[in-house]
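Beneath this line is the structure, given in structure tokens, with notes to follow.
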Amino acid sequence: MANEQLKVLNALDVAKTQWYHFTAIVIAGMGFFTDSYDLFCISLVTKLLGRVYYYEGGKNPGSLPQNVSAAINGVAFCGTLAGQLFFGWLGDKMGRKRVYGMTLMLMVISSLASGLSFSKDPKTVVATLCFFRFWLGFGIGGDYPLSATIMSEYANKKTRGAFIAAVFAMQGFGILSAGAVAIIVSSIFKALYPAPAFQVNPVLSTVSQADYVWRIILMFGAIPASLTYYWRIKMPETARYTALVAKNTKQATEDMSKILQVEIEAEQENVQQLDQTQGGNNENDFGLFTKRFLRRHGLHLLGTAITWFLLDIAYYSQNLFQKDIFSAIGWIPEAKTMSAIEEVYKIARAQTLIALCSTVPGYWFTVALIDRIGRFTIQLMGFFFMTVFMFALAIPYHHWTMNGNQIGFVVMYSLTFFFANFGPNATTFVVPAEIFPARLRSTCHGISAAAGKAGAMVGAFGFLYAQNAIGVRNVLLLLGVANFLGMMFTFLVPETKGKSLEEISGEADEKTTTNRESALEAGLQV
């Protein structure tokens with residue numbers, strides 16, 4: 001098969017780790033830094049928004065109405081889901097490089113605009129904030145399939161998993177930075193504009209300058225993304241897209257020769273053979289909605305989509321509403337004992353501690369071990385321990401709410417984050433970028449990621465209502481069940497460690513398979 005003989009793809013598979021690999025990780029990773037910063041920083045300021053815009057007198061600080069809180073937390077996920085589907089499809093149609101700069105610019109503009117949500121009227125502020133966060137999510141959504149696909153197609157087969165996981169691991173630094181920025185900004189404003197606790201003076205506890213705090217925190221996410229825009233538009237198209245989809249092996253060879261700094265033969269004869277086997281034979285170019293795709297990759301797509309969906313129900317519920325859980329068990333003081341800005345500081349400190357001790361280490365354990373023990377093992381193990389720790393939190397929940405037991409709850413809660421990131425949160429991102437053909441890789445990753453964001457929406461919109469309806473304990477039990485189901489569906493996902501992308505996706509033997517299938521369909525003896 002021509003694909004097997006393409007020296008440019010073989011050169012990528014066997015290339016030693018070089019500077020361009022790390023450059024690609026940083027360029028793609030800064031997009032994920034911004035993604036996670038923007039998606040998770042909102043949870044740090046929702047209580048402040050309630051105090052600033054929804055205090056109407058009374059014995060308790062202002063808080064966002066339930067529907068408003070759900071909208072602010074969840075609207076970005078709606079945009080992300082749409083962006084993953086749209087840009088995933090567009091990345092296969094137009095090429096990864098041509099679309100890559102669009103998503104980053106959309107993130108930068110929308111991130112800045114979110115902090116500039118105008119008016120003092122609560123409805124107007126919330127409406128404009130939700131509008132811009134939807135488009136922020138739309139740009140973030142495009143970054144998922146494109147970054148994963150680009151990194152998988154640039155990497156060698158020996159360390160491909162670590163490189164893709166390293167891109168995703170930047171999400172951990174984004175979460176950590178969101179907390180750090182919130183701590184720094186709230187500390188500065190707390191020092192400049194001291195205020196009494198709410199129970200001392202309800203009105204003065206929320207200084208007018210607090211309105212700037214949440215805006216600065218949201219807008220900061222635009223800075224790291226804007227710094228990498230130039231390098232994104234200068235990246236060449238991936239060799240696999242150019243050779244296997246655009247069918248321009250000469251251009252792919254020239255691009256990779258410059259990057260790898262080696263001479264690679266252009267292989268004009270193989271270009272013609274590719275055109276005959278992939279262009280001339282329409283049966284070989286099967287699309288997403290065909291029986292042939294369903295036979296070869298249907299269960300794979302079901303497995304990647306369902307596991308990502310189930311993971312994100314638990315993962316985003318825990319991340320977005322950990323402040324509510326920590327308040328419920330008494331780890332964060334009651335809101336009325338703090339000023340508005342002090343509450344931001346305390347919430348950010350708690351979430352930063354969780355990120356520093358469990359979230360970030362989990363990501364990098366995956367980077368270190370994914371090409372040694374494999375994707376399947378890490379994902380199965382992660383779901384298993386997430387299930388165990390979630391049930392360990394939920395079943396004796398009353399015990400954890402008693403004085404003196406909160407630290408034990410926080411430790412076990414942190415371990416669920418550790419095994420999410422040293423587990424399915426990383427592998428659900430890596431595997432869809434490896435197991436599908438080049439012409440459908442970005443699309444299928446986008447579908448899998450969109451299923452994940454559907455789960456995130458269930459977590460973002462459903463957690464608030466479920467918490468009020470059935471209580472935190474029962475919510476934690478449901479999240480444990482979701483993790484257990486994720487462990488079961490992991491058995492649909494194949495192991496990809498140590499194989500080339502063409503071997504995994506079946507492109508390496510597509511001609512043979514296609515000829516056999518065509519003969520069978522014609523009723524011939526093979």
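Each residue, glycine too, has its Cβ placed from N, Cα and C.
The shown structure was predicted, so the numbers you read here are calculated from the model rather than taken from an experiment.
Pulled from TrEMBL:
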- 24-498: domain 'Major facilitator superfamily (MFS) profile' (DOMAIN)
- 68-87: transmembrane segment (TRANSMEM)
- 99-118: transmembrane segment (TRANSMEM)
- 124-142: transmembrane segment (TRANSMEM)
- 163-192: transmembrane segment (TRANSMEM)
- 212-231: transmembrane segment (TRANSMEM)
- 250-277: coiled coil (COILED)
- 299-317: transmembrane segment (TRANSMEM)
- 347-369: transmembrane segment (TRANSMEM)
- 376-395: transmembrane segment (TRANSMEM)
- 407-431: transmembrane segment (TRANSMEM)
- 443-466: transmembrane segment (TRANSMEM)
- 472-493: transmembrane segment (TRANSMEM)
- 503-514: compositional bias 'Basic and acidic residues' (COMPBIAS)
- 503-526: region 'Disordered' (REGION)
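Highlighted: of the candidate stretches 99-118, 299-317, 347-369, 376-395, 407-431, 99-118 has the greatest count of Cβ pairs under 8 Å to the transmembrane segment (212-231).
The average pLDDT computed over the domain 'Major facilitator superfamily (MFS) profile' (24-498) stands at 87. Panel annotation: around the transmembrane segment (99-118), residues 31, 34-35, 38, 83, 87, 90-91, 124-125, 128-129, 132-133, 135-136, 138-143, 146, 150, 214-219, 221-222, 225-226, 228-229, 232-233, 235 of the same chain, lying at least six beyond its termini, place a Cβ under 8 Å from a Cβ of the stretch.
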